Amino acid sequence: MDLDPAHKPSQAEETKEQGNEQGQVEQNQAQQDPTTGPQAETEKAIIPSQGSTIPQKRSAEDEPAQPMSKNALKRLRKQQQWEAGKEDRKLKRKDSRIARKVRKREERDALIAQGINPYANKQKPPSVNVPISLIFDCEFEQYMREKEIISLGSQITRSYSENKNAKYRTNIYVSNWNGKLAERFHQILDDKHQNWKGIDFVEGDFIECAEKAREKMKHENMIEPLQRSLTEKSPWARDEKDPLPLPDPEPEPRPEYSDIVYLSSDSPYTLERLEPNTSYVIGGLVDKNREKGLCYKRARERGIRTARLPIGQYMVMQSRTVLTTNHVVEIMLKWLEYENWGEAFMSVIPKRKGGKLKEQQGASGETQETEEAEAEDPEEENEETKDPDAEASASKQNTPKVEVTSK
């Protein structure tokens, strides 16, 4: 049926149409307003009332903090102090390096002013490999904190550097190379230690390292100090009193390990000389002497000879006589050079420890005391282990060339 365009809707139809439009507008507003409508009612239904017994999930910030022990609080404060002083230590090391460079430059300029070539005759003779092996026993990580493991890594790095530049060079082995220390060298040094010469990193224990060293030492040079060790008195002496008495009797060393000596300050035997074709084991333990006698007991259980450096026979110390790993290595290297324990101790032990040679009777009967040789205090432990080969290479590259006219 055709609609008439002239037809007008009635009043009832207009009222109905207006009502439909108003209802549509209210529905749209209700959907847009989050505080009203079915969505708001749903959210209100989800939110529990104040008196609800439904358990609420508490955030980590709302959890009550567990009380810390005194030791844990003390460690936390020391760590905070260490972190707070990191920048100051960094600046001190930088100032020390600058002062050292200025001093060397002044000395060099003074020689040039005198017409002397400051670089003449500075090349050291090549090192001589000797039939002595030093083994770092690194099976003590469970007894050390992270900071102490970092310190041990730095000591091993310094030991390698000292041995590399020594007049008489030994073979160095690092045993039990499969823990956090190895992971640190992998991450910090990017495995550059694998290119170091004269040092082997072994996953096995120190006995496996000694077996490797036994074959290698057959072809080393027998220098005079070691040659005399074969003909003179016994290379070690039994002390009258045990530094660490144990209830069980001392076992006999196993004959197949007669060429292995475990160094320990708790040993009742004192080294008189270093023996050729012998491996000396150094405990890789940095624990501020918490684990008393750990290395000594470990050696006894394995049937290994033990000995300690003769510090008490030659030195008077104002502080504890426990030395770092790199100090032990340096002392043994110096003995090979001087063949004298007193000179070796004085050239290595830091001056801050207040070490002096024991009093000696003079010709006139008066007591004389040997003056303490100056030993530079080792630099403070760096936060990162550095590659000594890279540092040596950089030092050579930065050395300027100076032409000096001869007289």
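Cβ coordinates come from backbone N, Cα and C, glycine included.
Keep in mind that what you see is a predicted model, and the values were worked out from it rather than measured.
According to Swiss-Prot:
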ACT_SITE  ASP287  active site, proton acceptor
BINDING   LEU263, SER264, GLY283, ASP287, LYS288, ASN289, ARG290, GLU291, CYS295, LEU309, THR321, VAL322, LEU323  S-adenosyl-L-methionine binding site
COMPBIAS  1-19  compositional bias 'Basic and acidic residues'
COMPBIAS  20-32  compositional bias 'Low complexity'
COMPBIAS  91-103  compositional bias 'Basic residues'
COMPBIAS  368-386  compositional bias 'Acidic residues'
COMPBIAS  394-407  compositional bias 'Polar residues'
DOMAIN    120-356  domain 'SAM-dependent MTase TRM10-type'
REGION    1-105  region 'Disordered'
REGION    220-256  region 'Disordered'
REGION    353-407  region 'Disordered'
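This view paints the features noted in Swiss-Prot onto the structure.
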| residue | record | Cβ contacts under 8 Å, 6 or more apart |
| --- | --- | --- |
| LEU263 | S-adenosyl-L-methionine binding site | TYR280, VAL281, ILE282, GLY283, CYS295, THR306, ALA307, ARG308, LEU309, VAL328 |
| ASP287 | active site, proton acceptor | PHE140, TYR143, MET144, GLU148 |
| LYS288 | S-adenosyl-L-methionine binding site | GLU148 |
| ARG290 | S-adenosyl-L-methionine binding site | TYR143 |
| LEU323 | S-adenosyl-L-methionine binding site | LEU309, ILE311, ILE331, ILE349 |
Which is it, of GLY283, CYS295: the one of these binding-site residues whose Cβ has the most other Cβ atoms within 10 Å?
GLY283
Summed over the compositional bias 'Basic residues' (91-103), the DSSP helix, strand and coil counts are 13 helix, 0 strand, 0 coil
Model confidence over the domain 'SAM-dependent MTase TRM10-type' (120-356) (mean pLDDT, whole number)
87
